[in-house]
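What TrEMBL says about this protein:
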type: ACT_SITE; residues: Ser103; note: active site, phosphoserine intermediate
type: BINDING; residues: Ser103, Asp241, Asp243, Asp245; note: Mg(2+) binding site
type: DOMAIN; residues: 4-138; note: domain 'Alpha-D-phosphohexomutase alpha/beta/alpha'
type: DOMAIN; residues: 173-254; note: domain 'Alpha-D-phosphohexomutase alpha/beta/alpha'
type: DOMAIN; residues: 259-361; note: domain 'Alpha-D-phosphohexomutase alpha/beta/alpha'
type: DOMAIN; residues: 368-434; note: domain 'Alpha-D-phosphohexomutase C-terminal'
type: MOD_RES; residues: Ser103; note: phosphoserine
Amino acid sequence: MNKRKYFGTDGVRAVAGQHPLTAAWVLDLGRAAAEVFKAQHPHPTVVIGKDTRQSGDMLEAALAAGLTACGVNVIHLGVIPTPGVSYLTRYLEAQAGVVISASHNPYEDNGIKFFDASGQKLPDALEAMIEAQFDRLNELSPVTGTAMGSVTNYTEAERLYSAFLTGQGPDLSGLRIVLDCANGAAYRIAPRVFQRLGADVFAVYTHPDGRNINRGCGSTHLEHLQRIVREGDYDLGIAFDGDADRALLVDSQGRVVSGDHILLLTARARREAAVVTTLMANMGLEVQLRNLGIGLERTAVGDRYVHERLLEQGLKLGGEQSGHVLFLDIAPTGDGILTALQTLKASQQLGLSLDALVDELVMFPQTLLNVRTPDKHRISQHPQVAAAVERAVARLEGRGRVNLRPSGTEPLVRVMVEGEDQQEIERIAREIADVIEGVGQRETEAG
């Protein structure tokens with residue numbers, strides 16, 4: 001398949017107001033998507049949800065205009081977490097769902113991601129078909145009269161999605177919980193869900209103004225949450241990102257409960273045969289799972305690769321250190337609120353507090369160096385670099401790992417080394433980085 005022009009690994013993402021996320025382009029995106037959906041269903045309906053970014057209203061209106069102009073009915077869900085759009089696409093039996101969000105990015109960015117009728121990310125083939133329609137927009141016949149699509153504002157979205165989540169959670173009576181809602185899509189629904197389950201909730205970052213989403217808060221900025229939990233004598237804290245498709249927790253001491261901790265706890269409680277995670281997961285997780293007789297499969301970095309491997313292997317549980325965790329027997333996409341609830345449910349089932357979990361999972365020291373280089377893909381596979389990695393692996397003698405990967409967005413090679421001794425892995429990482437820099441410099445001079 002040819003390289004796609006607009007769709008990346010997580011839909012279309014850019015600075016809002018700049019190409020391609022202009023009102024004119026998004027209207028055309030709606031028209032192009034409408035033609036693809038109409039080829040699959042005679043009278044398609046598409047649901048649209050968004051996070052709290054200032055640009056969300058503009059993009060939503062443009063997309064809805066393009067869809068309805070070509071005969072597709074639109075249901076507006078309003079501000080709702082990304083997994084809520086997935087859930088309501090299925091619940092309302094729509095032919096597709098759309099999320100307008102840039103997840104954990106700053107407010108200036110935004111994005112558009114499509115779900116299919118099952119609530120899963122739209123297959124690459126259909127995204128390619130939508131892109132192909134851009135070249136044929138001038139050939140479309142105008143839609144008039146009753147053939148035009150309608151727009152409905154659905155007022156039950158939050159109630160239905162919160163009812164689903166509440167049904168997946170344990171009794172939280174007696175727990176004092178701090179929620180960091182990132183001034184994002186979870187700012188109303190998360191506090192309500194945890195309160196309905198009986199928790200004593202103190203919610204912060206619940207006043208979005210269109211520009212403060214993820215700003216100094218949420219799952220990428222845990223410092224304030226950690227301090228509140230420690231100083232306020234709370235049992236735990238939970239942080240979501242802007243679209244609430246992931247969550248990280250902190251224990252009563254303010255220590256981070258990462259995706260690795262969540263996978264260990266939930267795999268143990270659910271008695272999974274195996275879990276899927278990425279190359280960045282700590283070796284401590286691998287060792288602990290092995291001791292429990294639970295297998296571990298690693299994929300490239302990215303939740304889409306975790307999802308693909310889960311489907312390939314018929315497994316149900318997988319995720320990343322970032323707190324993006326998949327419970328495929330419950331939902332087809334990552335869900336931060338669900339992840340937090342399943343973590344607390346597992347904690348209760350096992351009688352293991354988050355504090356005890358953090359104590360139990362001994363993390364191997366890990367170091368990560370970013371090495372700037374002109375040709376990241378070729379140099380990361382250079383024979384001299386490969387030889388340096390082989391030497392490093394031999395030195396670790398099975399007590400650690402080395403991983404090299406080109407950055408997806410910058411001219412960098414990321415060098416990750418993990419092992420039992422912090423000083424040793426830092427030396428090894430530096431030696432590999434020196435080789436990469438040397439190869440890059442020589443090739444630049446020769447070129």
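Every residue gets a Cβ built from N, Cα and C, even glycine.
Listed in sequence order, Ser103, His104, Ala182, Gly184, Asn214, Gly218, Ser219, Thr220, Gly336 are the same-chain residues at least 6 apart in sequence whose CB falls under 8 Å from the CB of Asp241 (Mg(2+) binding site). Sorting the binding-site residues Asp243, Asp245 by the number of other Cβ atoms within 10 Å puts Asp243 first. Below 8 A, the CB atoms of the domain 'Alpha-D-phosphohexomutase alpha/beta/alpha' (173-254) and the domain 'Alpha-D-phosphohexomutase C-terminal' (368-434) form no more than two pairs separated by six or more positions in the chain, fewer than 3 in all.
When the domain 'Alpha-D-phosphohexomutase alpha/beta/alpha' (259-361) is classified with DSSP, helix, strand and coil residues number 54 helix, 16 strand, 33 coil. The Mg(2+) site is defined by Ser103, Asp241, Asp243, Asp245, and by the 8 Å test on Cβ atoms against their centroid, the other residues of the chain that qualify are Asp51, Pro81, Thr82, Ser101, His104, Gly184, Ala185, Phe240, Gly242, Ala244, Arg246, Gly336. Neighbour count (other Cβ atoms within 10 Å of the Cβ, all protein chains): 27 for the residue listed as 'active site, phosphoserine intermediate'.
In the domain 'Alpha-D-phosphohexomutase alpha/beta/alpha' (4-138), helix, strand and coil residues by DSSP number 57 helix, 33 strand, 45 coil. Residue counts for the domain 'Alpha-D-phosphohexomutase C-terminal' (368-434) under DSSP, helix first, then strand, then coil, are 32 helix, 18 strand, 17 coil. With DSSP classes pooled into helix, strand and coil, the tally for the domain 'Alpha-D-phosphohexomutase alpha/beta/alpha' (173-254) is 18 helix, 19 strand, 45 coil.
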